[in-house]
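Encoded as structure tokens, the structure appears first; notes follow it.
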Amino acid sequence: MAMIDEPLYPIAVLIDELKNEDIQLRLNSIRRLSTIARALGEERTRKELIPFLSENNDDDDEVLLAMAEELGVFIPYVGGVQYANVLLPPLETLCTVEETCVREKAVESLCRIGAQMMEQDLVESFIPLVKRLAAGEWFTARVSSCGLFRIAYPSAPEALKTELRAIYSQLCQDDMPMVRRSAATNLGNFAATIEAPHLKVDIMSMFDDLTQDDQDSVRLLAVEGCAALGKLLEPQDCAAHILPVIVNFSQDKSWRVRYMVANQLYEVCEAVGPEPTRSDLVPAYVCLLRDNEAEVRIAAAGKVTKFCRILNPELAIQHILPCVKELSTDSSQHVRSALASVIMGMAPVLGKDATIEQLLPIFLSLLKDEFPDVRLNIISKLDQVNQVIGIDLLSQSLLPAIVELAEDRHWRVRLAIIEYIPLLASQLGVGFFDDKLGALCMQWLKDKVYSIRDAAANNVKRLAEEFGPDWAMQHIVPQVLDMINNPHYLHRMTILHSISLLAPVMGSDITCSKLLPVVINASKDRVPNIKFNVAKVLQSLILIVDQSVVEKKIRPCLVELSEDPDVDVRFFASQALESSNQKKMPAPVTCFSNHNQTNS
């Protein structure tokens, strides 16, 4: 910083810029606080800079947010943890402002500072700050105080601990819903610091107050804390205190509360154990799966596999499966999509017989759903079913649907099928694959969507890896090479891309005899995009073929391309020539460039 030798200069600049009408200047000044503090030194930072910031009455939220963030990491600039308490006053002021994000950042910084403070300083400075905020006249101070109890409580003497628990209890019954919401949000963190005897008495009393609140926004935050509290309690205490609340909330008049129950139910099941889950939570979950609100059914449907894992197969078939059948024909496409994303995971839980009899018809129904995301979610999890029912049954029942989806009008569905093909091929075996899916793989190389063509080229490579070069030489390479004469230049580019991917798998001999002549011939193409991609493919082949082949075939072709009228062709040809000269590792060809990017 210029003129750093003049001791008054940095603080003068700060004061000038903080009072400037330009918000950006004030913001830049705040973000340079650490620089200014280093220039002033630790003592002057404590005595001049921090008091100045405490009195700063800037009304721009962005400036205040930056200040709250900077002060959280300011301990080294005031002389270390023994002086950390000097940072509390400006942050206390920021905890009372109206803007939520400023208050939250100030609380976060106070927690960071408090976690490093010495126990005596916490008792003398931090806990009084928490008490002042909790007793604040304006609700913003009380909202902020709720997030600080978890730092203040562990170091407090016994008498102060009792007082802090009483203060938090008052905050849970505050007149302002915003304060009660903050108390509900932070209850789990506060409870984690409290001794077991007080946990069952004081904290559960606060929890009961919040769960009976007349504001649904408070109740749903209380639900969110159920799982966190449940993990702190013994299973029997959890079943006594948390379970009745969850069961009651599953029929709450507010759909938002029921939605939160559906989201949290699995975590609560883990806390209470399997027996209470089977006796009390299964009926509650069934109610949520059949809820009137689609949002609740979406949340509940997304947990169906996790929930079934806790139950035995008989209970799942008896209680959950009928609901799953109903949801598979739900009027909301989003409910069906949520179900489709997890339903395949039920197969290992229910076992082979139940999957074949009960789940398979549902899978087939969802595979034919009119909404593409539903079909997509089913396709992506087919391997989970294969592990249970075996490939023969899978191919008989699901393969016709898969073949149909391979020509789906939505390209993302086609893409999902392509990405699943290598796995399906490995499971079906060579013979079945040749009969049913081979033609599809070639068809995708000529798709009108670039992402499909690109995925199809990678698919060809993965199939060659799966079934070996001999099989690929018979079933893939001839068909791929035939397409190099396709009238559409984008399709010819896809073939070049496929060749570059196949070459490392096929090995030097096949590359030299079959692939390289096609690439060299393509260098005569009339489209510059083809020619410069030829140069890139040749660069990738240099490492695969013998040096003699490079000299006799690849270099002459590159030399010719380096004299092409098109600047891009010359550039990539020169790059490939340089690579061949220096014998350096070429960059892998990850995508095939175009003069003008296109996805059509």
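Positions of Cβ are set from backbone N, Cα and C atoms, glycine also.
Please treat TrEMBL annotations as automatic predictions, because they have not gone through curation.
According to TrEMBL, the protein has these features:
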| type | residues | note |
| --- | --- | --- |
| REPEAT | 10-48 | repeat 'HEAT' |
| REPEAT | 164-200 | repeat 'HEAT' |
| REPEAT | 203-241 | repeat 'HEAT' |
| REPEAT | 242-280 | repeat 'HEAT' |
| REPEAT | 281-319 | repeat 'HEAT' |
| REPEAT | 320-358 | repeat 'HEAT' |
| REPEAT | 359-397 | repeat 'HEAT' |
| REPEAT | 398-436 | repeat 'HEAT' |
| REPEAT | 476-514 | repeat 'HEAT' |
| REPEAT | 515-553 | repeat 'HEAT' |
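Residues 168-169, 172-173, 177, 180-181, 183-185, 187-192, 194, 248-249, 252-254, 256-257, 259-261, 264, 267-268, 270-273, 276 of the same chain sit 6 or more residues outside the repeat 'HEAT' (203-241) yet have a Cβ under 8 Å from a Cβ within it. Counting residues of the repeat 'HEAT' (164-200) by DSSP class, helix then strand then coil, yields 29 helix, 0 strand, 8 coil. Here the repeat 'HEAT' (515-553) is broken down by DSSP into helix, strand and coil counts: 29 helix, 0 strand, 10 coil.
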